[in-house]
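The block underneath contains the structure these notes are about, expressed in structure tokens.
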Amino acid sequence: MAMLLRGGQVYYQGQLQTADVLIKDGVIQAVAPQLMVDSDTVQVIDVTGKLVTPGLVDVHVHYREPGQTAKETIQTGSLAAAHGGFTTVVTMANVDPVPDTPEQFAKQVALNQTKGLVHIYQNSPVTKDLTSDQIVDMVAMKKLGAVGFSNDGHGIQNAKTMYDAMQQAAQVGLPIAAHVQDDALYDHGVMNAGPVAQRLGLPGILGVSESSQVARDLDLAAATGVHYHVCHVSTKASVDLIRDAKARGVKVTAEVAPHHLLFSDDDILTDNSNFKMNPPLRSESDRQALIQGLLDGTIDLIATDHAPHTDDDKAGGMCHAAFGITGSETAFASLYTAFVRLGIFTLPQLLHWLTLAPATAFNLPAGDLQVGKPADVSVFDLEQQFVYQATDYLSKGHNTPLTGQPMYGQTLLTLVDGQLVYQQED
Ligand SMILES: [Zn+2]
């Protein structure tokens, strides 16, 4: 049956406007004020005063299947995405087995398609097992649907490997999405190196473990002409390097995770593993530089790094817990609450960084409402305050410090290809 979303504040062509959205056969039929429809054949949903957006796009998620399905599955991960208003995601390759051969990669893509409730695109690993120096068959991976290459979870330690990988990725025309981490500088830390780590007596991770590899990679990207994408930028030094490289014409894009925008290491008051992620929460001046980087265009987009874990994995405090927090279900609401309601970002800015900007960076057919295109649409309530309890999440993971925090921007419904995949219960 056709569906009309009546009277919402629609984010359309980069602007917010009061309009109706007509959906039929899974496709957007019209976006215009006060559309006339036959209510016998069209289901009319009143969304007056609600925010209607293109389905959000997240280019950095971890779904743990195959191999670690106690943490998450493709089904629960994609349900969590829909719960957060995301309709298109890119999954990282650090599953078990790593899909580093064309055969394994084809299996992973098929699994994503069979089990996923939103559009799932897959990154290929850059190298075998995410750690070796043997580069995957990039031509084959692209043919099988890879949208980028990433060893996320691991930095590429050998510059020659990165140089060769960039040359090959440039040849096939796909980005390298880099988790930047020099392992020797990283040195088994568990949180940002600095006064807070010292006070808590915890081993620190130097900011230069990230930025020194960003500097190396930007030189290699300039030399190879690859599209180099920096995952989860966390330090001011990295932002400054990326800004300079963009000014020189290096083909670089960058993402920031919600948690690095929302928190600094000053927020870590106790040994709480829900503040443990990699890269870690940095200093307040780093956080301010990330916000500035978004505002001045140095950082292109926001991606969650949704990283679900079991309670056991997150046990044992900062020293023993796994790295990572969930993000799909809290991203829009937490950022809307902290930045748009306080006037730091405009709503169109935030929506751009969560829709068209990531879709453009990874060349995905998503991120805006277009007549004749698939109806991936999300509706949010911006007025009603809400609080997530741990049991409210559709992800298997509830490892996030945002549980219990009052927020605005709850998802009311999410459509993928015109089909309801999430609807808030009354
Ligand atoms: Zn990463």
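Every residue, even glycine, has its Cβ placed from backbone N, Cα and C.
Just so it is clear, the model here is predicted, and its values are computed rather than measured.
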Per TrEMBL, which one of His83, His309 shares the substrate site with His62, Tyr63, Arg64, Asn94, Asn278, Phe323, Gly324? His309
Of Asp300, Asp305, Asp311, Asp312, the one that TrEMBL places in the same Zn(2+) 1 site as His60, His62, Asp152 is Asp305
Quick check on the annotation: TrEMBL has Asp152, His179 binding Zn(2+) 2, so which of His232, His259, His260 does it put in that site too? His232
So which binding-site residues out of Tyr63, Asn94, His179, Gly324 end up within 10 angstroms of Asp152 (Zn(2+) 1 binding site), measuring C-alpha to C-alpha? Asn94, His179
Distance filter, Cβ under 6 Å of ligand 1; input binding-site residues Asp152, His179, Gly324; output Asp152, His179
Cβ-Cβ distance under 8 Å to Phe323 (substrate binding site), same chain, at least six residues away: Lys276, Met277, Asn278, Ala307
Sequence-ordered list of residues in the chain of Arg64 (substrate binding site) that lie 6 or more positions away and have a Cβ within less than 8 Å of its Cβ, or none, is Lys71, Glu72, Thr73, Gly77, Val95, Pro308
For the domain 'Dihydroorotase catalytic' (49-237), what's the mean pLDDT in this predicted model? 98
Distance between Tyr63 (substrate binding site) and His232 (Zn(2+) 2 binding site) at the Cα atoms, whole Å? 17
So which other residues, same chain and not among His60, His62, Asp152, Asp305, have a Cβ within 8 Å of the centroid of the Cβ atoms at the Zn(2+) 1 site? Val61, Met92, Gly153, His179, Cys231, His232, Ala303, Thr304, His306, Ala307
